[in-house]
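So the structure is just underneath, and the comments pick up after that.
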Amino acid sequence: MSAFQPTIKRRESTKIYVGNVPIGGDAPIAVQSMTNTRTTDVEATVAQIKSLERVGADIVRVSVPTMDAAEAFKQIKQQVNVPLVADIHFDYRIALKVAEYGVDCLRINPGNIGREDRVRAVVDCAQDKNIPIRIGVNAGSLEKDLQEKYGEPTPEALLESALRHVEILDRLNFDQFKVSVKASDVFLAVESYRLLAKAIKQPLHLGITEAGGARAGAVKSAVGLGMLLAEGIGDTLRISLAADPIEEIKVGFDILKSLRIRSRGINFIACPTCSRQEFDVIGTVNALEQRLEDIITPMDVSIIGCVVNGPGEALISDLGVTGGNKKSGYYLDGERQKERFDNEDIVNQLEAKIRAKVARQDPKNRII
């Protein structure tokens, strides 16, 4: 890794816990996703949650729209280890039911679950059971009076909506909550979060909502969340993609990894290739990404097809390969090794070296 280190001053915030996962304060920025199965299909939902756990999800959100879904949630909760957030709208009784079943966090908007006595019932229950709440404001579901006041979703409108819900919880002396102000427009979301970050001390849940498909959504999320994270704003995040939820976790960690905020697994540094490449760089990277998904120890690996930039990148990598005629140069911890890799077998040889280094460096293969 380069000796140059960015200076990101994290916004000060209070710390809450979603299950055993700390959010805010000096805690690592948590990466989460949401199931897209029918919650009443317990087997499919449990399988998806476990697949998200395997790729590093810190928290998983589950939609609970009905009492039948709440009963299914009880079974789901018993079969998984990762903390679960129940996403609930309108019916306060569902929130009370999942609280009974051990939910780790409630995603509600106090303003849309009815009269104040209902809100108080949910908040009192959350207080008694030490369950945090996420207030989730979305530009697509802004209150009618705010749409009329501002004409359209604006940063000020999203902030006002969020502060309304915050005020309800403040009035009930409840402070274990986090807040999000999501929009599908990058600039609208970013400015809304900036305003909110100045207005409250609670942790912020980041996201660009309905960002799009796997490619466009990942780019949009990286731009928006990257701007905020580089300013020190954000305590947990979800990448919203019209794709397999596993991709949301991978993209989330890739964004944090790119900003050197939190690393998980291999950070591949690879050239885009040209006619100078001495081995199949693209095929090598694709193969290693798939083979090494189980590695969670942070590590920089450079895979460069020729000697133009290869040696320089290898010097600041944990492991590096620089393309050569029939055999390629191998670097370990920035030092050129006598050993060379056969270009026809470079994937197998590099995988073996990476796994050996992980075993030496971090026997528990832990995440940072």
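Cβ atoms here come from the backbone N, Cα and C positions, even for glycine.
Over in Swiss-Prot, the protein carries these features:
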- Cys271, Cys274, Cys306, Glu313: [4Fe-4S] cluster binding site (BINDING)
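Positions of Swiss-Prot features highlighted on the structure.
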residue : record                        : DSSP (3 states)
Cys271  : [4Fe-4S] cluster binding site : coil
Cys306  : [4Fe-4S] cluster binding site : coil
Glu313  : [4Fe-4S] cluster binding site : helix
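Counting only same-chain residues at least 6 apart in sequence, those with a Cβ under 8 Å from the Cβ of Glu313 ([4Fe-4S] cluster binding site) are Ile269, Ser302, Ile304, Gly320. The Cβ of Cys306 ([4Fe-4S] cluster binding site) has 19 other Cβ atoms within 10 Å, all protein chains considered. What surrounds the [4Fe-4S] cluster site, by Cβ distance within 8 Å of the Cβ centroid and not counting Cys271, Cys274, Cys306, Glu313, is the set Pro272, Thr273, Arg276, Gln277, Val281, Ile304, Gly305, Val308, Asn309, Gly310, Gly323 from the same chain.
Least crowded of the binding-site residues (Cys271, Cys274), judged by neighbouring Cβ atoms within 10 Å of its own Cβ: Cys274.
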